[in-house]
Amino acid sequence: MYFKRYLQLAKPGIIFGNLITLTGGFLLATHREIGFEYLPLFVYVMIGVALMIAAGCVFNNIYDKDIDSSMTRTQNRPLVTGDISVIQATIYGTILLILSCLVLYYLVILLTLWIIIIGFIVYVGIYTVSKRLTIHATVLGGISGAIPPVAGYTAVVNILDYNALALFLILFFWQIPHSYAIAMLYIDDYKKVKLPMLPIVKGIAYTKKIMLFYLALFVVSCALPAVLGSADLFSFIVCMLVALFWMYKSIQSYRTDTDRVFAKTVFKFSIIVITVICLTMG
């Protein structure tokens, strides 16, 4: 029972999603090969990054305890129900953070460790705090969310180059419509706790247009790995097809569906699209 509650505190769904994007960066660097040569490194970087993301989620839960208790979708989180105390969560998060640093420092490379630490700082120190203050918090959070594929890539090549930037942009532009779709779906919860989310402050109509704008940027960014010569023709075709398909379905829903159906459409296909792109990268 306690294991389940501690696992819930680390938000395994977020960890899993980020590890998929990390895999995309790793595959781009190895040209879709994870044989015996790269398998140990792949396992180590996955573990190290997973621990850091888990630590970030734990500290996010600690800071958000007060607003989580007022929102329907978060009111059963362990800190809200009292199954785990703030002190226990702080110790847990600190242990995860230390373990992550040890794994990445000793078993991966220092560059990847620093990149992941930056992502942690942005998520916990900037995004978590700023989402109570500004409508731009989602964009700031997009920075931390775009870090895992860069970490996966640098773990192999040990350098920050244009390919790393391309991976960052793909995930950054993907995250904005994905996150705003969630904001639209749970807008009533966010209104309860007075969070200045874009759909609340600027309205649904404006938010939908912004989502399509970032979606268009995402489609363009998907061509970058091939343009830079790091991705092959197969990867380029798959990436562009699924990105354009997401764009098409979103525009179609924008024109014909209700706001909620539009948000569900964007969210549903965002998961499918990023998974396919990351697993065929290389």
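The first residue you see is number 1, and the count goes up from there.
Backbone N, Cα and C define each Cβ position, glycine as well.
Going by Swiss-Prot, these are the annotated features:
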type	residues	note
TRANSMEM	9-29	transmembrane segment
TRANSMEM	39-59	transmembrane segment
TRANSMEM	79-99	transmembrane segment
TRANSMEM	102-122	transmembrane segment
TRANSMEM	139-159	transmembrane segment
TRANSMEM	165-185	transmembrane segment
TRANSMEM	210-230	transmembrane segment
TRANSMEM	231-251	transmembrane segment
TRANSMEM	261-281	transmembrane segment
Would the transmembrane segment (102-122) count as touching the transmembrane segment (261-281), i.e. at least 3 C-beta pairs under 8 angstroms with sequence separation of 6+?
no
If contact means at least 3 Cβ pairs within less than 8 Å, sequence distance 6 or more, would you call the transmembrane segment (139-159) and the transmembrane segment (79-99) in contact?
no
Which residues of the same chain, at least 6 past either end of the transmembrane segment (9-29), have a Cβ under 8 Å from a Cβ in it?
38, 42, 45-46, 49-50, 53-54, 57-58, 61, 77-79, 84, 89, 92, 96, 145, 148-157, 163-164, 167, 171, 225, 230-231, 271, 274-275, 277-282
Beyond the flanks of the transmembrane segment (39-59) by 6 or more, those residues with Cβ under 8 Å of it
9-11, 14-15, 18-19, 22-23, 26, 89-90, 92-94, 96-97, 99-101, 103-104, 107-108, 112-113, 116-117, 119-120, 123-124, 128, 144, 148, 151-152, 155-156
